[in-house]
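Only one structure is covered here, and it is reproduced in the block below.
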Amino acid sequence: MARATPSNTWTKPAGRPIAGKPIPRPTRSADVQAYIPEMVKGLGITMKHFFKNTKEMVLGQKPDPVLNALEPGVTTISYPEEKRPYPERFRGIHRLTLREDNSPRCVACLCCSTACPAQCIAIEPAEYPDGDRRKGYERYPSSFVIDELRCVFCGFCVEACPVDAIRMDTGLHAVPYDSREQFIYRRDLLMSLSDRSGSRLTANTRHEPGDPTHPGLSRDHADH
Amino acid sequence: MPTIKIDGREIPFESGDTIIRAAHRAGIDIPHYCWHPGLSVAANCRMCLVEVLPPPGRPAMSLDILRWDAAKQDYVPAAKPKLQPACQMACASGMEVLSDNSDHVSEARSAVQELLLLNHPVDCPICDQAGECRLQDYWLEHQRKGKRMRQEPVHKPKAVTFGPTIVYDAERCIVCTRCIRVCNELARDPVLSVRERGNLGEITVSPGRELDHNYTLMTEHVCPVGALTSRDFRFKARVWFLRSARTVCQGCATGCNAYLDYDPRNNTPYRHRPRENMAVNTYWMCDEGMLSYRHAVEGRLLTALVGNDDASLDDALAAAKEQLAGHGDDPSKVAIVLSAQHSNEDNFALYHLATTYLGATDFFVSGKPLGEGDDILISEDKNPNTRGAVQIAAATPPRPVAELLQGIASGHYAYVVALGSDLEVDAGEAQRAFSRLKGVVTIAAHEGPLAKAARVALPACSWAEAEGTYVNGKGLAQRSERALLPHGDARPAWELIGRLGRALGYETGWKTLAELRRAMPPGAALGGAAGAAAPAAALGAAPAVADGARVEPKKTEATA
C-alpha cells in the first residue's frame, strides 16, 4: 500500500487548527510609557554629530571620506559631489590611443573584435590613401564602433590588442544616457577620450621604418 | 616495400624518397619551411633537422662542442650527433630516424627558430599572413622563448611591389627560396633571385622585369611567412573568419581543385587556393584561376529578366510558358543549347527535359571561346565542363552554336531553350538571329550575350552557390561543393529547369538534387563524399585518371 505523501511543513496541516506561538507583551514600565527621555537621548546624539561636523567644517579638520574611508567618525560620503576613486586597474570606458601625429594606433587587425566575448566591437578596416607613407604597409580603422551596452567590460580586447591601441584606463563608467544610440561609441569619440590623468600620449612609442626614431632603413630604400 | 623507422614507427618508402617525403606521405609532420613536396630540395632553412642513428656497429658521426655546465659555472667539452636535414637525406632500408624523440633535435629546432626570428620584425598585427604563419606555429611548438639578441635587428625594405599581383616585405622574408623555385620550376620564368648573403639576404626581381608570369600568386601561396602577400587578398579579410569549400576552378578545362575561401557572415568569397590533387593540378593553380573566385559574385544575373526588364521568378516562368507556347506542335523546331560553363547536373536536367518532355532532337553547346593555353596548367578551352556537356548529350551529339545560327537563318528553328550566358560566336550576330525566333528562354548565372539575347532569362546559381559535377578536359569527373548562399533571386539551374518544365505542364521526375542525381546516367554524377573524384569511364570517354583519395583535404603543404 502506498504511503501518504509526507505533509508539507510550509502549508497548513490538513484537519488541524494552526497552533500559534504566544509572545509575551512588553511590560509597560514608566520609562517606556514616557517617550520624552528617549527622544531627548536621540536628539542628543544628533546634536553631538551636528556640532562635531560643524566644528570640523569651520576649522577645516573634516577627514576626507574618500581618502580616509576607514577613519572613525565618517560614515557617509556626499555622492555625487564626493566620489570614491576607482582602483588603478578599474576597467572603464574604452579609449583608442593615438600616435604622435594624432592618427589612431589601431592597425585594424581585428584581434579585439575576435577576442570580444560579447561581440560588441565592429571594425571596418581601410587602406591608407595613395601618397601616405603607411600605404601598402598597414591599414587603419575607417570605422571603429563599440556598443557599450553590450560590453561586459572583461578587458579581453585590451589584452588582445597587439599594438596597445585600445585601453580601458579612462576611469569612466557608462553614465545613464537616455537612448541606446548614445551608448554606441564611435571612432572619433573613442579617440577623443583620455586616460584618467587627462593625457592622451602613449606610453609605448612604436618605431616604424621612416620614423625619425627608427634606427634602421627608411622605407624609401624599398625602391629597387 | 622497404621501411625506415621514425621515432620507433615503421613507415614504408619508395626508392629515391627523402625522409621528409616518406614521413609526409605517412602523415608524420617534420617541421619545415623551405621544403615543398612539389618543388626541388633547397635544404636551406634547416628546420627539418633530424637525428639519424648510425648503422649497427658503426660509430655515430658527432661534433665536438662546448656545453655550459651550471655546476662548474664553465663551458665543458661535450659531443653531439651531427644532425641531417630530413628534406635532403635519402631513405635507406632499415634506417632509424629520431625526430620528436631526440633532445638534440628539439634543441636544434629551437635554435633554428631563434636564428630565423633574429631579424624578423614582430609586426604580426600588421602582417597579413594573419594566423597562417609557420613562424608563429613553430614558435609555439618548438621554441617558446624569446631571442637572446638585444641589438637592433637588421632592417630591410618593406612593401616592395614586385608586380601587378605581389607585394614583398624583405624584413619578414626567411629566404627559404620557395618563391624562386616556383618561378623556376613551375612557371619556368626565372624572374626572382636572392641577393646579398646572410642576414642581409633578400629576394629581388630581375632588373627590368616584373613578377608578371601566369603563376605569380603561387609564389605568394607557397611563402611560409608573410614576406610575399597578394595585392588582391592583403588587408581584405582575416583568415580565421573564413570557411573553405572544396570547389573546382571554373577558369578552364583543366579543372584545378581549389578551396574557395569565403566569409559566411557576409556571404562573400575572398580567394581561391589550390587543393592538392596529383591527377589534375598537383599543388598549383594559375593566376587567372586563383582570381576567378570573383566571378562567383561579379557580373551576375541576379533577377529574372523578361524582355530585359526585371521580373519576379513566377512572372518570368509565366512569360517563358508564353514564349514556348506552341513548341509541342513541331518538336523539331525546338533547339536546346547546353552549356559548357554549367555542371553536369544542370546540363542533364535540361537534356532530360528536352528529350523526355519537349521531344527536341537538336542539341548545341555554348561556352566561352578558345583562349590562350600553356603546357603547364592552363587549357585553351576556357570552359570547365565542355566534356561533361558533350557526354550528357552523347546520344544526340551536340553541335557548336555557329550551326544553330545557320539553322535559325534557314528557318529550321522557332524556339530556343538555353543554359548559360556565354557564346563563342559574335554577340551581335547571335542577337539578330535570336530576334527572329518565336521564343528564347535562357537559364544563366551571369550576364552575357546569350542572356541578353533571350526574351526570358532566369537567374541561376554560380558554381560557388550550388553543388555540381564537372568533367575536365582529361575526362575526370569532379564534384564541387557549395560555398555561398545564393545571391539575389538565383536558384540552382537544374531547379529552375524543373520549374520551367512544370510551368510548361510536364511532371519532371525530380525536385531535389539527390533525385536528379539518381536519374542521371551512372558516372555523370558522383556519389559518396563531396569532393571525391571518381572515374568518368562510364561516360564512354577515354579512361579517366582516377586519384580520388588524394582529393581529401588534409593539412598539407598546399594548405600552408
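Just so you know, glycine gets a Cβ as well, placed from its N, Cα and C.
Where the annotation comes from TrEMBL, it is an automatic prediction and has not been curated.
A quick note: this is a predicted structure, and the numbers were derived from the prediction, not measured.
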To which of the residue ranges A:1-27, A:82-108 does TrEMBL assign the term region 'Disordered'?
A:1-27
Looking only at A:C109, A:C116, A:C154, which of these binding-site residues has the biggest number of Cβ atoms within 10 Å around its Cβ?
A:C109
Work out, from DSSP, the number of helix, strand and coil residues along the domain '4Fe-4S ferredoxin-type' (A:96-126).
5 helix, 9 strand, 17 coil
Looking at the binding-site residues A:C106, A:C109, A:C161, whose Cα is closest in space to that of A:C116 ([4Fe-4S] cluster 2 binding site)?
A:C161
Output the one of A:C106, A:C112, A:C151, A:C157 that, of all these binding-site residues, has the highest number of other Cβ atoms within 10 Å of its Cβ.
A:C106
Those residues of the chain, 6+ apart, with a Cβ under 8 Å from that of A:C161 ([4Fe-4S] cluster 1 binding site):
A:C106, A:C111, A:C112
Could you state the CA-to-CA distance between A:C154 ([4Fe-4S] cluster 2 binding site) and A:C109 ([4Fe-4S] cluster 1 binding site) to the nearest Å?
20
Cα-Cα, whole number of Å: A:C157 ([4Fe-4S] cluster 2 binding site) versus A:C109 ([4Fe-4S] cluster 1 binding site)?
12
Cβ within 8 Å of the mean position of the Cβ atoms of A:C116, A:C151, A:C154, A:C157: remaining residues of the chain near [4Fe-4S] cluster 2:
A:C112, A:A115, A:P117, A:A118, A:C120, A:I121, A:V152, A:F153, A:G155, A:F156
Per DSSP, to which secondary structure element type does A:C157 ([4Fe-4S] cluster 2 binding site) belong, with helix, strand and coil as the options?
helix
